Amino acid sequence: MGNSNSCFHIPSRSSRRKKRLQLSPTTTLTSLSEPTQPAKQLSETTGMRLNYYCDNEAVEKGVEKNETGRKLELPELDKYSYVLGSLVQSKSETFKADSTNNVVLNAIAENDITKVLLRRDIRIADLHTFSEKIEIEGKATDQKSSGRCWLFAATNVLRLYIMKKYNLDDFELSQSYLFFYDKLEKSNWFLENMISLVEEPIDSRLIQYLLSDPVSDGGQWDMVLNLVGKYGVVPKSVFPETYQSSNSSRLNSILKAKLREYAREIRELHKLGKNVAVMRKTKKKMMEEVYRIVAIALGEPPKMFDWCFRDISGKFCEYTNLTPERFFNEFVGYKASETFSLINDPRNPYNRLYTVAYLGNVSGGLPIRYVNIPSSKMQSIAISVLRSKKPVWFGADVGKFSNSCLGILDNDIYDYSLGFNISFNMNKGDRLQYAESSMTHAMVFTGVHLEDGKPIRWRVENSWGQDRGDEGYFVMSNDWFHEWVYQIVVEKGDVEKEVLDVLNQEPIVLTAWDPLGSLAIE
């Protein structure tokens, strides 16, 4: 932080000649108005001596005059600087006296911290062997440089039903197909929100939050249901990836720039007294432009297609004139309408239904719904589903205590105590409350290892390619599940009536920026 010579400058409103004045710790001056208050807070927090700009008369009197007559009392700052200086000096001596610090410093200065602190015993203990596994697994997929984990995790679940039904050794559904329609629907969703919130102040937290990310790559399970229910699915072979689907940042930049421009146009129409009908007519033209952008970047999805393949036995099969909707309903045969999300959010009461304000993709589609339950109960349900040989879609904070190269998710994977003599002491609820954690990634459970009926580790299908972990599959410790897994998706038949009845409640609405909506943010 700044020392006693640091300055924070506040311009005077006076139109007369300005002169810079160094104030003593006891100086009193009349503030200009609210802009001076942050300076006071900054000085109190940092111990920085402040420089103010005052007119000549104010310099002589030690005050700055204005219409408010309010005075800003400056704290005695020197003692804060002295305390900090003494602390630095004493701790520096202590640091140098401990030879262990020098050893760790030399190691970490030249290497990635996680490589230095990686625990070999944990790496060995986290075996890729499991007592319970689903019957069929596909090869690990790769979302590449995009935020489509939720779509990859969803299609990784859905493809297993096709692989089993048609005796395939591997298969992929087109993630790009769903991505195309998600971009269109999210753009429309954003513009509808801008219309409905047209009277909200432009600088309100809600408007600024929605403008910060008008059309992200991320999403939620109920958003998957909206897409497959409206548009169906297709094999990847009939609608493959493009460069833009695998590297989505440029496309997103273009769409976001246009959507913010459209938001401004909508608000200008409101200022001119135009009604909602006029705004929606204008929105239609905007969406035509969005369609052209997305179609150029991703290609136009097929309305009808043929599908041919050879099964494991070598038998050739061909199906012609299929629609995406028919392919989903008849060939996949997944009962999407029977699924819902369980979450573990210790901040809020359990056995209650939650949603997130302004989170969604299809206007008029299914809302986001979460049933909040304890982590131990979530684990028990997930184990039961895996034992019935069904995969489990889930959302977690993947960046915490994880090694993506080794494919390990374990709270003890890095020895921060040895390296820095520190521990991390917030619980799951605290981390959500203080912005230390949120859902960042969706994956799929395909197995679990039990000892005496208790979970030890979990098998995880990721979508980061096949060169990580066990050919793209990760291993997760049970403690990591407890601390960092926030959501699983199950069928209604997988839970008892007590949990199912929560779906009939009126949902508690969380704020648009709540961390439980973060999986849908890019």
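Heads up, the Cβ atoms here are built off N, Cα and C, so glycines get one too.
Where the annotation comes from TrEMBL, it is an automatic prediction and has not been curated.
Per TrEMBL, active site is recorded for CYS149, HIS441, ASN462. Sequence annotations record features per position, and here TrEMBL assigns compositional bias 'Low complexity' to 22-38. According to TrEMBL, the region 'Disordered' annotation covers 1-43.
Known features from TrEMBL, placed on the structure.
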residue : record      : Cβ within 10 Å
CYS149  : active site : 23
HIS441  : active site : 22
ASN462  : active site : 27
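A separation of roughly 6 Å, to the nearest angstrom, links the Cα atoms of CYS149 (active site) and HIS441 (active site). Mapped onto three states, the DSSP output places HIS441 (active site) in strand. A distance of 9 Å separates the Cα atom of HIS441 (active site) from that of ASN462 (active site).
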